[in-house]
Amino acid sequence: MAGAAAAVAAGAAAGAAAAAGSVSAPGRASAPPPPPPVYCVCRQPYDVNRFMIECDVCKDWFHGSCVGVEEHHAVDIDLYHCPDCAALHGSSLMKKRRNWHRHDYTEVDDGSKPVQAGTRAFVKELRSRVFPSADEIIVKMHGSQLTQRYLEKHGFDVPIMVPKLDDLGLRLPSPAFSVMDVERYVGGDKVIDVIDVARQADSKMTLHNYVKYFMNPDRPKVLNVISLEFSDTKMSELVEVPDIARKLSWVENYWPDDSVFPKPFVQKYCLMGVQDSYTDFHIDFGGTSVWYHVLWGEKIFYLIKPTNENLALYESWSSSVTQSEVFFGDKVDKCYKCVVKQGHTLFVPTGWIHAVLTSQDCMAFGGNFLHNLNIGMQLRCYEMEKRLKTPDLFKFPFFEAICWFVAKSLLETLKELKEDGFQPQSYLVQGVKALHTALKLWMKKELVSEHAFEIPDNVRPGHLIKELSKVIRAIEEENGKPVKSQGIPSVCPVSRPSNEASPPYHSRRKMRKLRDHNVRTPSNLDILELHTREVLKRLEMCPWEEDLLSSKLNGKFNKHLQPSSTVPEWRAKDNDLRLLLTNGRIIKDERQLFADRSLYTADSENEEDKKPTQNANMKTEQSSGREEAESQGSPKPLNRIFTSVRSELRSRPSEYSDGSDSEDSGPDCTALKINFATEDSESSGDEKKHEITSHFKEESDIVRNLLQKSQKPSRQEIPVKRECPTSTSTEEEAIQGMLSMAGLHYSSCLQRQIQSTDCSGEKNSLQDPSSCHGSNPEFRQLYRCNKPVEFGYHAKTEDQDLMTSSWNKQFDRTSRFNAQDLSRSQKHIKKESSSEINQKAQSRHCVDSNSSSIQNGKYTLNPSLVSCQISNGSLSPERPIGETSFSMPLHPTKRPASNPPPISNQATKGKRPKKGMATAKQRLGKILKLNRNGHARFFV
């Protein structure tokens with residue numbers, strides 16, 4: 001003591017002298033900072049990671065490892081004397097035990113205080129109590145039966161017991177594996193957390209000291225090890241977690257390798273407990289599910305179901321100051337007892353409240369995992385932990401960060417399921433909703449500062465939350481509609497065992513990723529340049545590859561006769577809206593994708609994917625028996641096209657009806673109808689196969705009339721500046737144009753067919769294309785509309801002439817719209833006089849302006865006008881989307897823009913161009929950008 005006092009005095013004097021020197025010489029450089037104070041006999045500075053104890057005599061601090069005092073022993077010391085002081089004042093004084101039922105055993109046992117959990121009296125009483133058997137709720141099964149498919153179908157809501165290791169995928173050391181082997185693989189210097197059961201308090205100890213305690217038959221107290229995670233040790237090689245835990249685990253499936261956050265290691269725990277070790281009721285951190293396997297010994301689980309009432313009671317009990325004095329099993333309706341013997345494996349689901357008693361010395365292995373089956377319960381448990389102010393040591397590491405990773409991945413999963421036409425399972429939808437709610441809560445202004453730390457750098461929180469909202473809303477809207485069954489696919493992107501068939505969804509997803517990887521655009525391109533390159537690429541395509549996807553219909557026409565080899569690569573980049581071509585109508589169906597065996601590419605390697613799904617994806621309508629017979633009687637698509645072309649040129653309409661469109665496509669949809677009056681005509685034997693109701697007329701005048709009428713541009717087709725003069729090859733061009741719209745290109749065959757066609761006749765007659773092309777479903781279906789309001793009339797002679805000429809012009813113009821005719825039209829220019837053009841434009845404007853009226857927000861046609869209204873070769877943005885146009889969707893090289901550029905002819909000479917359409921750059925911008933009026937939103 002004298003030496004210590006002298007040292008203190010000397011230190012004080014030195015400090016005073018240094019202070020005086022600094023005051024007397026202010027101009028000098030400041031002295032270096034004093035060294036940190038040192039403690040203990042080792043004279044080392046303070047280390048927060050090492051246990052230290054204070055001497056009650058000299059008031060100096062000593063490392064427990066330097067003076068031979070364990071942390072769990074320190075609580076039993078009443079007065080501590082360091083080695084120097086012990087020589088003068090004697091050894092340390094220990095506390096005296098006065099009870100066996102309280103955590104503080106120094107309290108006087110007057111019988112007034114209740115028993116606390118973990119004490120010797122508590123364990124003795126617990127062993128003597130009777131509980132309902134867990135056999136009432138537990139599910140026992142073989143390892144091969146416990147699959148992800150089973151849990152997704154039946155849920156993971158009750159504990160599962162697997163008596164044997166067979167087919168479970170769990171690999172463990174032999175039952176002869178001891179605590180000394182653990183020390184050898186993990187290392188004796190590793191500091192571990194140890195539970196002092198009698199006090200229900202945590203302390204730290206080296207693994208070597210714990211093994212020494214465990215092997216000692218005379219144990220002064222009960223110590224339990226429940227949190228030795230060994231994933232980063234050599235012992236990890238001896239243990240493989242069950243297959244089901246690995247397949248379901250969020251960490252295994254969603255945690256990115258390049259994350260700035262350290263990967264949570266919670267899958268491999270070694271539990272070593274001596275007899276009478278007890279862990280009070282708890283929910284595993286983050287609401288994780290847990291698996292336990294008893295290598296040797298025995299454990300008893302007390303299980304409580306996580307009902308809303310029980311969870312509320314648990315939170316109240318956990319926050320109570322008398323928690324240790326109340327056995328939680330007495331507060332609930334039922335507490336089940338489950339004995340896990342050597343070799344048994346127990347799976348405890350999310351949120352189950354459980355306590356564990358070690359009935360005999362035991363070594364067990366276990367692990368925790370988050371998964372998609374109970375996302376809502378996991379989030380509820382996490383929020384409960386925050387309200388209870390649970391220490392970070394007992395929380396799931398980076399729980400919020402992994403929630404962001406999972407939300408981002410599940411958003412992609414739901415979008416792919418929707419794209420593939422599958423309905424996500426209810427547990428996944430409910431989980432995404434709960435996750436979306438939690439993410440929104442964390443991003444509130446008053447709370448974002450608390451949660452910003454765990455937001456990953458590669459996640460845009462606001463955008464992700466908005467996208468989740470859209471997907472959830474879309475799923476809710478689709479819930480009432482019939483959809484394809486998804487089966488039970490895996491929602492985690494993991495590989496299945498070889499003996500378990502992979503569902504169609506996995507094959508599509510895998511092939512999609514491979515395809516996307518091959519065609520990935522360099523990241524240094526901006527959006528405008530990307531779309532500009534795509535458009536320029538399309539402009540160089542062959543004329544017969546019609547750009548059906550880019551039309552203003554904002555829909556997708558799936559060609560029945562187009563082989564998969566002719567589908568351009570960019571067709572996969574379409575929007576989600578589909579217009580399905582059925583047997584008789586164009587029907588908008590937003591529920592499912594159209595699938596056809598001929599349209600499958602590399603994405604459909606699975607045999608299950610190649611099954612036709614038209615019945616599940618489309619609304620079908622019965623056609624007349626005559627049309628079915630005609631369709632069945634045509635063995636080849638080419639013959640059907642030839643016959644439909646001949647029939648198109650040989651009939652005359654006498655009655656016409658049209659209707660306005662509705663957004664919904666119902667079963668009562670009716671079509672545009674044209675009834676035909678019968679007249680005598682000549683027909684060859686080959687034409688009798690497709691004869692409908694009217695007799696045929698001679699077609700030479702029809703062709704000439706079509707060509708003459710086509711030279712006069714309709715008001716709605718002004719973007720075509722110049723036209724080709726009539727030539728001897730125009731017949732071939734007209735029919736070849738119609739075939740190019742159908743996806744076929746048989747030029748030589750067409751020439752032979754045209755030569756064999758009878759061309760003698762005098763009168764013009766026109767048959768409805770939707771009827772005469774019964775064998776060509778795609779061409780016929782373009783003349784149908786959804787839910788029309790039907791009206792009809794008997795046409796007069798002048799009305800018939802107007803209808804025939806108007807439709808002939810549109811039909812001939814559409815049929816001639818291919819790249820070859822466009823190039824010819826640029827070479828052979830035919831100009832009309834300005835007076836004639838002005839007169840025609842004014843007369844057509846008067847007729848068209850009086851032909852339609854808006855009633856109840858829908859378009860209806862005046863009976864005096866027979867031609868359908870079209871705008872620039874596409875649907876007008878101001879009209880309903882589903883309204884039918886008598887113009888096929890055109891290739892980008894031939895389609896006019898939504899706002900056409902000014903026409904540089906005499907009719908428009910002197911007029912200012914439209915705003916935003918004066919230059920080619922502005923017009924290209926109109927093509928690349930979204931339509932601003934809200935209708936037909938899509939990218940080219």
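Placement of Cβ uses the backbone N, Cα and C atoms for every residue, glycine included.
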Residue in H208, H354, H371 which Swiss-Prot records at the Fe cation site where H282, D284 also bind: H354
Spatial neighbours of the region 'Linker' (97-114) far in sequence, C-beta under 8 Å, 6+ residues away: 120-122, 198-201, 324-325
List of residues, in chain order, with Cβ under 8 A from that of T279 (substrate binding site) and at least 6 apart: I195, N224, I226, A355, V356
Neighbouring C-beta atoms (10 Å sphere around the C-beta of K299 (substrate binding site)): 24
Three-class DSSP secondary structure - K299 (substrate binding site): strand
DSSP helix/strand/coil residue counts for the region 'Linker' (97-114): 0 helix, 0 strand, 18 coil
